[in-house]
Structures are given as structure tokens and as C-alpha cells.
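What Swiss-Prot says about this one:
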type	residues	note
DOMAIN	8-260	domain 'Pyruvate carboxyltransferase'
BINDING	Arg16, Asp17, Ser170, His199, Tyr290	substrate binding site
SITE	Arg16	site 'Transition state stabilizer'
BINDING	Asp17, His199, His201	Mn(2+) binding site
ACT_SITE	His20	active site, proton acceptor
Amino acid sequence: MNLTGKKVILHDMSLRDGMHARQHQISLKEMVDVATGLDAAGVPLIEVTHGDGLGGASLNYGFPAHTDEEYLSAVIPKMKQAKVSALLLPGIGTGDHLRMAHDLGVNTIRVATHCTEADVSGQHISLSRELGLDTVGFLMMAHMVSPDKLLEQAKLMESYGANCIYCTDSAGYMLPGDVTSHIERLRGELKSDTQIGFHGHHNMGMSIANSLAAIQAGAERIDGSVAGLGAGAGNTPLEVFVAVLERMQVSHGINLYDIMDVAEDLVTPMMDQPIRIDRDALTLGYAGVYSSFLLFAQRAEKKHGIPARDILLELGRRGTVGGQEDMIDDTAMNMARERA
């Protein structure tokens, strides 16, 4: 693989996807400390919201330590070069949430849907573009569809006004060949000025290999998370990925030592538990289950006595997707009854 001379935009997820690993309890001080560290290290884009995006605070997804408005208001004024993004899932986040983010200075809105449901994103993508925001269509659980189907959905988002489309491996299920086929299909058929992005999870240990495959296939934006802080076994560990890109002579604009220090000195100490590929996280990737289901399944194990990996395998068999968190406890309860 020769990526010499390629240029990528790296996007940190530690303060949004990392919310899942922290049960949405990141403090304002932690948020600001990490964000300013990332900014100083040269990270160009930093995502800040509830783990499930703007408006995600709920009984179903979890109540955060602070509101999205409080987090964004604390971080954005401190940024010297980095831009701040926010995730929005139609049905959770609203137009009012989007306007609030714009008014606070958010640069990028990423409108996320399941990989077959791009048609629900039209209003939010259109509004984001009307407000002059960098607007991303974020197609989750991309492993569940063929490259042709992903392209069909991507074209819908592009038609609504998205200037960047993401292939999102929410389960950490994809292998490099899968990433290549999906990204190549997008790059070959979308408008030449529509950027392509890739978001990986490390549940099968493939996030760096998959991200490299994405770059080779034409992706220009790559998500990562400092120290891997994110749902499941975490996202592509950003400091490790930067080191790999350095060796492969890919331009990224981040200071390696500085990003290593943010990971070691700021992010790792605030973890509730080590971000690693344990048996439950591995099961997420193996079964193709949404990564943020991990802690829900572990809580269901304690409540019903069914091993989390058994619950996750059953959820994978049923084809559950993000937004069906309420099914996790029901599934565990039914499995417990059947085994009684």
C-alpha cells in the first residue's frame, strides 16, 4: 500500500463517541481540557455533543452531566484553530437543536441515519446547508448493506445538500476489503467535490487497517478518537493512527508528540475502565452489533444473569440497529425466561 503524498482531514470523536464509554458523564473541565489539548496538537475537527448527538439526553439513551449547549458554550470560545462539529440523528435532534449549535459557533453538522434510512435526513441536511454549515451525511451500520445500496442512500443525502458522505462502521464489523468496496463505490459515483469520510470502531482490531483502506480508496476525512475513547472497544486510536500516517508519509497536520500527550495525560486518566477488545466488545464486532449497545448489554447481564455476549449475539441475529436500545433489556429478559 502506497499512500505517499495523500492528504487527510482527521476528526476527533473522544468528546462525543467517548461519551458512550463515560455514560455521558464527561465534566465541563474534562471537556475543555481535552478539547484545548486537541486544538493545540493541530486536530482540525473536534466533535462535541451527547453520545447520541444533539438532543440525545433521554431515559432511552442516558442523561449527560451537562447539556449540549453547556458543552458547546464551554469549548468553542477556547478553540484557536480547531473547528467544532456536532452529531444530529433525525428523530432525536431537531431543527431547533441545529439552530442552537449554529448560533454557538458549530462549524460542521453530521446528520446521521441508519444506512437504509437516508430519506429521513432531508430536512436537517437542507437546514444545515441553509445556515452555511459544513454538512455531512453519516450513514451508520454500513456493513449491513451492499456498496450499491450505500451509494443509493448516499446520493439521497447528496441531493439534499450534503457536501461530505460518511461510510460508518458503527459495529466495527467491516474488514479492509469491505471498506475498499464501499468507499470506491461512493468515490466513483458521487460528485467530484463531495468529500468521502470513514468512521471506524476497533471491536475486531481493524480500525487502523480499515482507515488506511478508506484513504487508499478515496476517503478524505477519517474519524479517530484519542486513546480510542469511544463505544465498544473504541474508535480508531487517533495518536496511533497519526504515527502510522507519519510513517506512510500522509499529510495530516497533527503534532505526533502533542497528540500522544493528550491521550496519555488527559484522556486515559478519565476513563471509567480501560478501552480494550474484551470478550463483549469482540462480540459486538463479530456479530455486527451497534457499538454503543455494549454497556446496555453489560447492565442487562447484571440484571437478568444472561452473559452480555449471548445477548449481543442474539441482537446481531435479530438485526437490531441504533435506536433500538430498549430491545436490549427485553431481549435479555426473554432469554432468561427461556433458560429458566
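Every residue number used here counts from 1 along the chain in the order it is shown.
Quick reminder: no glycine exception, Cβ is built from N, Cα and C everywhere.
The two recorded residues, His199 (substrate binding site) and the residue listed as 'active site, proton acceptor', have Cα atoms 16 Å apart. For His20 (active site, proton acceptor), applying a Cβ distance below 8 Å and a minimum sequence separation of six or more within one chain yields Gly51, Gly230, Ala231, Ser291, Ser292, Leu294, Leu295. Here the domain 'Pyruvate carboxyltransferase' (8-260) has a mean pLDDT of 98 out of 100. Between the CA atoms of Arg16 (substrate binding site) and His201 (Mn(2+) binding site) there is a gap of 14 Å.
Close to Ser170 (substrate binding site) in the fold, though at least 6 residues off in sequence, lie Met140, Met141, Ala142, His199, His201, Tyr290, Ser291, Gly322, each with a CB less than 8 Å from its CB. His201 (Mn(2+) binding site) falls within a strand when secondary structure is assigned with DSSP.
Non-local neighbourhood of Asp17 (substrate binding site): Glu47, Gly51, Ser225, Leu229, Gly230, Ala231, Gly234, Asn235, each in the same chain, at least six residues away, with C-beta under 8 Å from its C-beta.
Residue annotation for substrate gives Arg16, Asp17, Ser170, His199, Tyr290. The furthest Cα pair among them is separated by 15 Å. Report note: the Mn(2+) site is defined by Asp17, His199, His201, and the residues of the same chain whose CB lies within 8 Å of the CB centroid of those residues, excluding them, are Met13, Thr168, Asp169, Ser170, Gly172, Gly200, Asp223, Ser225, Gly230, Ala231, Gly234, Asn235, Thr236, Ser291. Between the candidate binding-site residues, Arg16, His199, His201, the densest Cβ environment within 10 Å is the one around His201.
Listed in chain order, the extra residues whose Cβ falls within 8 Å of the Cβ center of the substrate site residues Arg16, Asp17, Ser170, His199, Tyr290 are Met13, His20, Met140, Thr168, His201, Gly230, Ala231, Asn235, Ser291, Ser292.
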